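Enquirer: Before I ask anything, let me first share the structure, which is written out below as structure tokens.
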Ligand SMILES: NC(=O)c1ccc[n+]([C@@H]2O[C@H](COP(=O)([O-])OP(=O)(O)OC[C@H]3O[C@@H](n4cnc5c(N)ncnc54)[C@H](O)[C@@H]3O)[C@@H](O)[C@H]2O)c1
Ligand SMILES: O=C(O)C[C@H](O)C(=O)O
């Protein structure tokens, strides 16, 4: 019933998914456009949300994007109308509700997923599992049907479990390509760069901190011994920075006091990562970012580390490099928690 109502509203709002208004009498097919500009086709699932809206805005500005599909179960007509008026290259189309998921996904090169509920103070990311696991499963089933070769950037929490869920869905459908599924941990790197730069008195744009493991509490493992430019830290600085990076998400959740979690810095991080994926797809050399991927770096089936992005997604997953004693202890803690979260995701689909 609800789906029918949404489909009806949507058909009215998007008669041909044209950017040209019907009420002028001028229809898309009567315009002089010769087809899309060169570039990649990108879909955002959860595009009307706190992350989705600024992410859509930033992707509309990205010169590598020719077509931008905005999908959500609410509010995409308004977001699409608004963003569609920006005089940048990408053509924007909106899709509302499950009935339009297939159209939203068909032909996409990159799918970014920030759909799902965010934390409130006092919650862990794992507390989101019960709601977000089902959302991610449904969306990934759609990807397996409509764009099985797309690169997938998964943002929805808990990332340590939603990436294994997505992998299981794709395996079930026979479409799993481990290189094409990437859990987005860029916000941890963005935060680490910011906090380390502050301590060292540097410009954050000059700093690069590898952050490995996963995306929750102790699974977020900054490798301060590998910071670029090479830097040394006191033990007090190491403990302060590790704690702040691991709890950066909670810092924002508490500051927002019930109004959600990081959205603006996350949209920035998501675009940074998506842009790297698109440059990789284009064939640029030397595009390296941290991401939570199918991995043989540890005994765990998934792990975040530096990956080389190319025409096929995560083409090379890099080893961790030399760790100091503090980082080795942190790695053991991270692996213990990660193992349980990964298994929880796998069991959700296999049960
Ligand atoms: N990976 C990271 O670093 C990171 C950072 C910040 C937030 N997150 C996570 O991202 C998710 C979204 O956060 P937010 O602040 O944008 O939340 P939000 O509630 O503001 O937006 C979520 C959007 O998802 C939509 N949605 C719900 N079910 C859907 C479905 N089945 N299909 C499509 N869309 C659906 C909602 O309608 C809403 O518009 C949360 O799970 C949050 O924890 C991850
Ligand atoms: O902390 C959260 O719940 C959202 C996100 O994972 C973050 O790191 O900001």
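Backbone N, Cα and C atoms are what each Cβ position is placed from, and that goes for glycine too.
Okay, these came from TrEMBL:
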ACT_SITE  215  active site, proton acceptor
BINDING   46, 47, 48, 49, 50, 51, 52, 72, 132, 155, 156, 157, 266  NAD(+) binding site
BINDING   119, 125, 157, 191  substrate binding site
DOMAIN    41-183  domain 'Lactate/malate dehydrogenase N-terminal'
DOMAIN    185-348  domain 'Lactate/malate dehydrogenase C-terminal'
Enquirer: Reported as an integer number of Å, what is the Cα distance between residue 50 (NAD(+) binding site) and residue 125 (substrate binding site)?
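Expert: Answer for this pair: 17 Å between alpha carbons.
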Enquirer: Measure the Cβ-based neighbour count of residue 125 (substrate binding site), defined as the other Cβ atoms within 10 Å of its Cβ.
Expert: 26
Enquirer: Closest of the recorded positions to residue 46 (NAD(+) binding site), Cα to Cα, picking from 119, 125, 157, 215?
Expert: 157
Enquirer: What other residues of the same chain, not counting 119, 125, 157, 191, have a CB atom within 8 A of the CB centroid of the substrate site?
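Expert: In sequence order, the nearby non-listed residues are 118, 158, 215, 216, 249, 250, 253, 261, 262.
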Enquirer: Might you list, by sequence position, any residue in that chain lying six or more from residue 266 (NAD(+) binding site) with a Cβ less than 8 Å away from its Cβ?
Expert: 51, 55, 114, 155, 187
Enquirer: Between the Cα atoms of residue 156 (NAD(+) binding site) and residue 119 (substrate binding site), find the distance and write it as a whole number of Å.
Expert: 11
Enquirer: Using DSSP reduced to three states, classify residue 132 (NAD(+) binding site) as helix, strand or coil.
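Expert: Residue 132 (NAD(+) binding site) sits in a helix per DSSP.
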